[in-house]
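Accompanying notes for the structure given below.
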Amino acid sequence: MSIKIENLEKHFGSFHALKNINLQFKQNQLTALLGPSGCGKTTLLRIIAGLEFADSGKILFEHRDVTDLSAKDRGVGFVFQHYALFQNMTVYDNVAFGLRVKPRKERPSKEEIQQKVTALLKLVKLDWLANAYPNQLSGGQRQRIALARSLAVQPKVLLLDEPFGALDAQVRKELRRWLRDLHQELNVTSIFVTHDQDEALDVSDRIVVMNQGQIEQIDEPNQIYHAPQTPFVTQFVGDVNVFHGHIDEGNLVIGEFSHKIDPATNTTQPVNNQSATAYIRPYELTISRHADNALATGKITHINAIGFIVRIEIESAQSDQPIEVILTKAAYSQSQYKVNEQIYLVPDKLNLFQQMNI
């Protein structure tokens, strides 16, 4: 089922939580609402669910206006960050709960409930824990049971609010992979909220990046990472080094350094005499012992050679923050850079935002 949001506004007192949100969720797609705390992503999810109501605007489920309907009349499944399982019920009874409390005319038979619950427990790969209680499960297992319980009532839309936020890093990684595979089997429109960029990039078909109650960019994960459209998205999704300067005759000038901008690798056409900010990924910077076409100079302060890449930190007068460069082990072995060595930085690619774009 597709979902359409039209001109949505929401205030909490004087706080403007959502500002004219217009958005479409395609049928059977897994969409991430990504952004920092307070950006409005959870408020938007709760309004879609019917747990909150907008001040103005519309919510359409497959062209049906559900703006004023309660949560129980919208046919959505909701998974919270903190499981919300019934502690006095077994795993089986938790999953069966939504089916058992349906109105008598809609309630499946005991046999149908048993078949449905058994199938769902197999789907989440926890059928062997049917008779266990929540306090006997790990955090990851509890969240999978919470998801199975939401799916039991066959929701038209599945909504997940930071579903892995309470779990440790390794379990989160495992469940991300599991959720991605599971969604391909389910054929249900799913929306999940996260502040974790890796989670959004790894799991979703599409990402909606939000900031201060507004949508910054809507795109596929690859485009969000490699072709961010605003300075906020550029800095929020992935690591970047930031350099402030101005444009002069097709060059980015930072202090005494003038870097010739290559139109083939720069994301925007430079405009003369404009202030500009360059965002450069750590792997898009080259370290050199020569000043040719350099953007900055600095001193190496730290080298981390653990793993299959080498991370090098550099202090530079041309940047407000320490600069990070990522090299392959082979490139590092050839160059043999040392801590306290003075080097130059040459960008392979610039993501440039000029004053008129900011």
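Glycine too: its Cβ is placed from the backbone N, Cα and C atoms.
Features of the protein shown, as given by Swiss-Prot:
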type	residues	note
DOMAIN	3-237	domain 'ABC transporter'
BINDING	GLY35, PRO36, SER37, GLY38, CYS39, GLY40, LYS41, THR42	ATP binding site
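Sequence-distant neighbours of PRO36 (ATP binding site): residues of the same chain at least 6 apart with a C-beta under 8 Å from its C-beta are HIS195, ASN211, PHE236. Neighbours of the ATP site: apart from GLY35, PRO36, SER37, GLY38, CYS39, GLY40, LYS41, THR42, residues of the same chain with C-beta atoms within 8 angstroms of the site's C-beta centroid are HIS195, MET210, ASN211. Counting Cβ atoms from all protein chains shown, LYS41 (ATP binding site) has 27 others lying within 10 Å of its own Cβ. In this view, the densest Cβ surroundings among the binding-site residues GLY35, GLY38 belong to GLY35, judged by other Cβ atoms lying within 10 Å. Highest local Cβ density among the binding-site residues SER37, THR42 belongs to THR42, counted as other Cβ atoms within 10 Å over all protein chains shown.
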